[in-house]
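Data block below; observations after.
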Amino acid sequence: MLLLLGRTVPLSFAQSHYLLASNQNIGTMPERRPFVRLPTDVYPVNYGLSLKPDLIDFTFEGKLEALVEVTQATNQIVMNCADIDIITASFVPQGGEEINATGFNYQNEDEKVTLSFPSALQKGFGTLKIDFVGELNDKMKGFYRSKYTSPTGEIRYAAVTQFEATDARRAFPCWDEPAIKATFDITLIVPKDRVALSNMNVIDRKPHPDDENLVEVKFATTPIMSTYLVAFVIGEYDYVESQSSDGVMVRVYTPVGKAEQGKFALEVATKTLPFYNDYFSVPYPLPKIDLIAIADFAAGAMENWGLVTYRETALLIDPKNSCSSSRQWVALVVGHELAHQWFGNLVTMEWWTHLWLNEGFASWIEYLCVDHCFPEYDIWTQFVSADYTRALDLDALDSSHPIEVNVGHPSEVDEIFDAISYSKGASVIRMLHNYIGDEDFRKGMNAYLLKFQHKNASTEDLWDCLEQASGKPIAAVMGSWTKQMGFPIIAVDQEQVSDDRILKISQKKFCASGPHNEENCPSWMVPISICTSEDPKCTKLKVLLDRQETTITLNSVGPDQWIKINPGTVGFYRIQYSSSMLESLLPGIRDLSLQPVDRLGLQNDLFSLLHKQADMQEEKNRIERVLGAISAPDLIQKVLNFALSVSAPSCGI
């Protein structure tokens, strides 16, 4: 799911970000509520689900026939259920007599219901039957109504879903935890003039026997999947379609009359699916994928398997009026959600504690995908200016938190859908990819997806697969980045000895509030890359800084050559060069041999290092020398004066 937190997006998105993130505070989390996960004595195998929404009264009727396995004899079944009224419930053991439930005990605060039976349900398989009713709510979660205007100006409503993280239980009683996977057979009873969509392709459509204005639409059986990835949409839509080079049917559904605005997203999707097929070496497992623009949608997009839902502004492009940044944004969002079809849907996190990996990975690989499909966008420079620098700024605050946060009660999930999950998560995955190398990274990803496909996994499972593929200490390295907040500042000095360059490198926690003076100073296992002016785009040496300080020798680096730490601005840390090293970089800035992304990273680090007032003039001089190598001196001076005026009191190391 994409929440637009701190993303560089068109103005309409930037405005909506503040509404979406108003409750997404990076800071101390509220007191945790006690929580117990669902018992495992009854387990779903297949959900047979029929839903009949009423688009006039905003209610729906549902019938559930779930094939379940009783693993331990019990006289009750505990499920998730919220804002739903159960009418009847019964259990039919295989080859046995139907047993009617004698009571429904709702635990509203925990969003659970306990179905009680007069006798014990014995071990084995059986069918759980539940008739229920619910409301098409206006909360933009669960099964809800979405208002739109028809081409004739009439106000109408669609019925749509948003289940992540824990709102499938508002559409049907279920085991609404990501690790409790099952298959789904979904039937929708809808007005015959409406489009009905779900995760899978339609296999039957026939008139409803009791109402000639309704049709029954039956969909193919899904793969084994988590409840939060189930989706259905009923409304009025046009679509454009194409087929990817690997044979997957792709459709983009748009409001009526706006099919033309879906063509760019269709182009992106048909390029993206083959890219991921090739990158993961695992084929997309469904016969189709639909991308649909929803009028009322709280998030940016949601990766429901085979039916990805979007805000209209995250999917539609007006070919005559949309700007380049809008196209790039749509490409990134499509790339993000389609990445989840493998990483998140095929292999799913065991619990919400590992959400950061789900979102951080997709937030990184969306850029890799767009860079492959649209190299003219220079998208990695935009990653640095959007995600990377935002993550550094937020993670330097005392109110930050580790990437990986232990989640108990599902109500805590909303607390970790923030820029640390997305932007810092993406940044450290990018650093990890660079540290491992693309070939070994892809091998590890393939092994991970094959080992855990249709199952659940934890963060450590991915580290194990990448460690086996690369032979590097991935778990130890990444643990230092995910389990503690913050990041280091890398101080670098140099000495020329004959034809060799000796670098002295040390690390210390970077804090926006001032020097970190605690006795137990945290440290990180820091992948360090180094390039020289001989080839600024090629890494000359890679080392792992696994202690507070170290000395590195670069052979055959003459005194006239400059050295740059962190080429490509990939490592998640700030750099403080000695004055001599900074001076030596100026020619690379003047002649533009230093890449744009490196010039951006250098400038960003310098501004962040404006600290103690006593050092202000020295820092000002250092920055002026760097910026003086760039054209438009008047503009640079204005930027410098502004940065000095707003940054000096609050920044430090």
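Positions of Cβ are set from backbone N, Cα and C atoms, glycine also.
Any TrEMBL annotation is an automated prediction that lacks curation.
Keep in mind it's a predicted model, so treat the numbers as computed, not measured.
What TrEMBL says about this one:
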type	residues	note
DOMAIN	44-229	domain 'Aminopeptidase N-like N-terminal'
DOMAIN	264-481	domain 'Peptidase M1 membrane alanine aminopeptidase'
BINDING	His336, His340, Glu359	Zn(2+) binding site
ACT_SITE	Glu337	active site, proton acceptor
SITE	Tyr422	site 'Transition state stabilizer'
His340 (Zn(2+) binding site) to Tyr422 (site 'Transition state stabilizer') - Cα separation in whole Å: 13
Within 10 angstroms of the C-beta of Glu359 (Zn(2+) binding site), what count of other C-beta atoms is obtained when all protein chains are considered? 26
Counting only other Cβ atoms and using a 10 Å cut-off, which of the binding-site residues His336, His340 scores lowest? His340
I'm checking region-level scores; what's the whole-number mean pLDDT for the domain 'Aminopeptidase N-like N-terminal' (44-229)? 95
Cα of the residue listed as 'active site, proton acceptor' to Cα of Tyr422 (site 'Transition state stabilizer'): how many Å, rounded? 13
Here the Cα-Cα span from Glu359 (Zn(2+) binding site) to Tyr422 (site 'Transition state stabilizer'), rounded to a whole number of angstrom, reaches 6
From the Cα of Tyr422 (site 'Transition state stabilizer') across to the Cα of His336 (Zn(2+) binding site), what is the distance in angstrom? 11
Taking the Cβ of Tyr422 (site 'Transition state stabilizer') as centre, how many other Cβ atoms lie within 10 Å? 27
